[in-house]
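Trainee: The FMN phosphoryl threonine annotation in TrEMBL covers B:Thr179. The transmembrane segment annotation in TrEMBL covers B:23-40, B:46-68, B:98-116, B:123-140, B:208-232, B:239-258, B:264-284, B:296-315, B:321-339.
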Amino acid sequence: MLCVLCAFAVPITAVSPVMKHQTAALSSNDVPNTGHDSLIQRISMGLTRLLNGHKTFDHGIYPIEHKELTAGKPIRRLPFADELIIPLQQHKGRASLPMVKVGQEVVRGEPIAVADQFVSVPMHAPATGIIRAISLTTTAEGPKAPAIILKVYHAASQQVLYGSEQDIEQMDAQAIIQAVQDAGLVGLGGGAFPSHVKLQPPPGCEIQTLLVNGCECEPYLTCDHRIMLEQTELLLRGIRIALRATGAQRAIIGVEDNKLDAVSHLRARIPAHLPITVEAVQTKYPQGAEKMLITALLGMEVPAGGLPAEIGVAVFNVGTLAQMGELVPQGRGLIERVVTVSGPAVKNPGNFLVPIGTPVRFLLDQVGLNGPLGQVILGGPMMGMAVASLDVPVTKSVSGVVALEPEDPTLARRQVYPCIKCGECLKACPVSLNPSMLGELAVAREYGVMAEQFNLDQCFECGCCAFVCPSNIPLTQYFRIAKSINRDAQRREAAKHH
Amino acid sequence: MRIETPAAQCGPFAHDQVSIPRTMGLVMLALLPATLFGLWQFGWPAIWLFLATIVGALLAEIISLFIAGKPIKPDLSDGTALLTGWLLAMTLPPWAPWWIGVVGGLLAIVIAKQIFGGVGQNLFNPAMVARVALLIAFPVEMTRFVTPTPLFSAAAPGPVDSLAITFGGQGFDAFSGATVLGQVRMALGQGETLTTILPELYTPLASAAGTVAGSLGETSALLLLCGGLFLLYRRVITWHIPVSLLGSIAVLATLMHLLDPAHYAGPLYHLVSGATLLGAFFIATDPVTSPVSARGQLIFGAGCGVLIYVIRTWAGYPEGVAFAVLLMNACAPLIDHYVKPRIYGRDRRGQPLEYASDTETRR
């Protein structure tokens with residue numbers, strides 16, 4: 001009974017900007033095989049799709065998209081900056097170890113740093129030039145970190161001369177995983193987790209389904225959209241490589257239904273013999289989060305504290321797989337990525353192929369500004385980080401640079417009122433936490449209670465709670481602080497026992 | 001080119017078009033039709049009382065903020081004190097003397113809200129605390145209702161005459177009336193049966209439209225329903241509390257009516273009479289004093305509904321919305337403690353999900 005009520009309540013209570021897209025992409029051939037699901041599950045799934053259009057997860061928010069600024073802009077190449085800054089830690093895991101010396105000349109694509117153990121990746125020279133320094137530089141995260149600084153030879157041809165062709169059909173899974181690590185590939189959607197680690201599931205787990213994440217739910221960003229349209233062949237090749245490496249039986253490309261052109265474009269180009277399907281999902285933030293996409297497409301949840309591999313799933317961003325499709329067969333390394341440069345302060349927003357290490361200042365110089373600059377955000381406005389200096393470089397995980405105007409309404413100082421327990425944050429939180437209670441606890445500095453009783457660790461800082469809060473409480477920031485204090489406390493505790 | 005960036009702020013760099021003043025404004029907008037109807041129907045004395053109550057509430061807020069050393073202008077402009085005063089005025093007998101409104105406003109703001117720590121900290125609904133306190137302290141003034149004398153009608157007192165009623169303590173026995181709930185309750189107490197009394201006292205249409213004796217803003221069930229639907233449409237409230245509250249009253253009333261139609265009125269009578277709709281859409285849905293989770297709200301609403309019916313039918317008062325809401329307010333923290341949403345990746349008991357091996361092979 002309740003179920004039916006909920007299903008009918010959704011269209012009334014949820015203001016759905018996706019209604020206009022509802023008709024397309026509902027064909028039955030893209031429904032994954034749910035033959036063993038119970039009848040009730042199938043009926044409820046059918047009802048949900050009838051009423052809501054495409055599949056999705058519970059909760060979430062509908063921020064203004066602003067994607068029209070760049071969605072129609074094809075990917076263009078930008079000139080090289082004079083100096084590129086390549087931090088040694090652009091990924092999750094251990095920092096790379098530099099293998100070049102100051103004053104050494106390097107050729108575009110040449111390895112300049114090696115991976116330090118398994119959960120780490122090498123770095124490659126994004127341009128032909130000379131190593132000017134290996135020193136501490138500012139990073140978007142805040143603390144200074146070691147980086148290789150490369151002075152670009154503008155006279156050079158900038159051809160990629162490194163790499164050797166490899167036939168992926170002849171390679172076994174281990175060889176592909178090694179090749180992916182050698183390519184320095186990490187999650188390009190923003191996670192920056194080394195891709196080869198995800199290709200090799202932990203012992204006891206077996207990957208059955210490969211999910212390809214083309215949701216791109218952050219406002220402003222359109223680089224994945226353009227990649228799906230323009231680098232389709234590379235993307236499909238990347239999917240085939242990943243299928244081969246993981247041994248997965250099928251791949252599903254999940255695309256938010258604000259990009260139905262990409263859905264039909266991909267469907268038209270997928271060869272019939274490949275086990276790859278494309279599925280439109282509802283346009284809702286944070287649909288592109290790994291866990292939310294798994295729930296939307298497969299109806300399963302990643303167990304708390306576990307990995308997607310434990311339920312037989314691996315999720316890769318479309319940009320990552322397109323690069324995998326390009327780099328692995330040629331034996332090359334990751335030296336550039338597609339970046340959306342957008343925002344109200346940008347004169348000529350667009351999607352650009354940017355060498356890793358390009359300073360944000362150079363990027364903004366190239367696209368031009370309308371006037372004074374407000375916050376500059378690396379990534380999207382929901383989860384991205386505002387930079388304190390424009391000298392920080394574009395790293396492997398930076399999918400967008402969003403420049404806001406100083407008087408942008410989203411930057412206005414809002415008066416913070418006390419929590420009125422309206423429950424909006426509970427309705428927004430995609431992992432069903434109680435941000436209202438967590439916020440009160442954060443104010444009371446009960447950080448331990450937050451983690452132990454209210455599952456703080458499952459918060460992935462998507463920002464939905466702060467977005468909907470009528471009291472303007474900076475909940476997400478509270479939670480970041482709480483988590484970092486808890487981490488420090490744990491570290492101290494561990495040190496005490498040693 | 002030299003580009004300067006301001007100091008980095010923290011994300012997210014987007015915010016929904018919501019704020020507390022906006023939410024309060026929407027609630028007031030939803031209350032407006034029923035309020036205007038009440039003011040029109042009960043005339044100038046009601047208008048004076050309405051103003052006195054709101055002024056009382058605002059004054060109490062200013063004084064409390066001043067004593068607490070809090071910034072007065074921003075805290076006053078959030079609109080919560082205004083809304084509290086407004087809601088309280090809606091539940092008062094329309095021709096009550098001015099000091100009922102002012103004392104009520106003071107009680108609501110000082111005792112029920114500011115002593116707990118201000119906005120968001122109160123355990124009980126301020127308007128209902130004030131109403132119950134007034135009802136117990138001043139039972140005569142709080143139960144003296146009038147028959148409707150619409151503005152500009154011949155019998156209606158003018159603005160100046162009305163000042164004498166509201167501020168001068170002048171009696172108004174000529175206009176006295178009683179609420180349907182009160183009359184029915186009294187008649188039942190004298191051993192009569194509903195089959196004889198209901199047809200004289202109650203017509204569903206009049207009660208729904210609101211052209212009956214009653215509290216200032218509670219009489220028009222239809223206009224309150226419209227306001228409530230507006231709040232649902234604008235997503236200020238969710239359906240959980242109103243539906244479970246009205247539903248539980250309707251179910252109980254239907255059951256009892258079927259068992260003994262001579263002594264227990266049907267569901268429609270309970271839904272359109274008294275403060276049921278005001279309570280369901282505007283009082284029980286107060287976010288501060290109700291549970292935060294959807295399931296908790298269902299329990300809370302159902303509890304309110306059951307208590308309203310029980311108090312109306314078997315307890316000492318003809319109307320029980322205020323008591324029911326306060327009792328359930330006290331339970332809200334408990335409900336929140338026990339009824340928590342299932343967290344992603346965990347089962348209802350909070351343990352990480354475990355997929356059976358067949359689930360894996362199926363995919």
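Cβ atoms are placed via backbone N, Cα and C, with glycine included.
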Trainee: When you scan the chain for residues with a C-beta under 8 Å from the transmembrane segment (B:46-68), skipping those not six or more beyond its ends, what do you find?
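Mentor: Result: 35, 38-39, 75-76, 81-82, 84-86, 88-89, 92, 94-106, 108-110, 113-114, 118, 159, 162-163, 166-167, 216.
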Trainee: Sequence-remote contacts (6 or more beyond its ends) of the transmembrane segment (B:321-339), Cβ cut-off under 8 Å?
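Mentor: Same-chain contacts beyond the flanks: 91, 123-125, 128-129, 131-132, 135, 274-276, 278-279, 283-284, 289-293, 295-296, 299-300, 303-305, 307-308, 311, 315.
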Trainee: Let me spell it out: take the transmembrane segment (B:264-284), skip the flanking residues so only those 6+ beyond its ends count, and list any with a Cβ under 8 Å from a Cβ in it.
Mentor: 27, 30-31, 34, 87, 90-91, 125, 127-128, 179-181, 184, 194, 198, 202, 204, 207-208, 214-215, 217-218, 221, 224-225, 227-228, 231, 237, 241-242, 245-246, 249-251, 253-254, 256-257, 290, 300-301, 304, 308-309, 312-313, 318-319, 321-322, 324-325, 328
Trainee: What number of additional C-beta atoms lies within 10 angstroms of the C-beta atom of the residue listed as 'FMN phosphoryl threonine'?
Mentor: 23
Trainee: Please figure out which one of B:23-40, B:98-116, B:123-140, B:239-258, B:296-315 racks up the most CB pairs under 8 Å against the transmembrane segment (B:208-232).
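Mentor: Counting Cβ pairs under 8 Å, the winner is B:23-40.
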Trainee: Once the DSSP letters are reduced so that anything not helix or strand counts as coil, what is B:Thr179 (FMN phosphoryl threonine)?
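Mentor: It is coil.
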Trainee: Which sequence positions outside the transmembrane segment (B:23-40), separated from its termini by at least 6 residues, show Cβ-Cβ distances below 8 Å to it?
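Mentor: Distant Cβ neighbours of the transmembrane segment (B:23-40) are 46-47, 50, 78-80, 82-83, 86-87, 90, 94, 150-151, 210, 216-220, 223-224, 226-228, 230-231, 234, 236, 278, 281-282.
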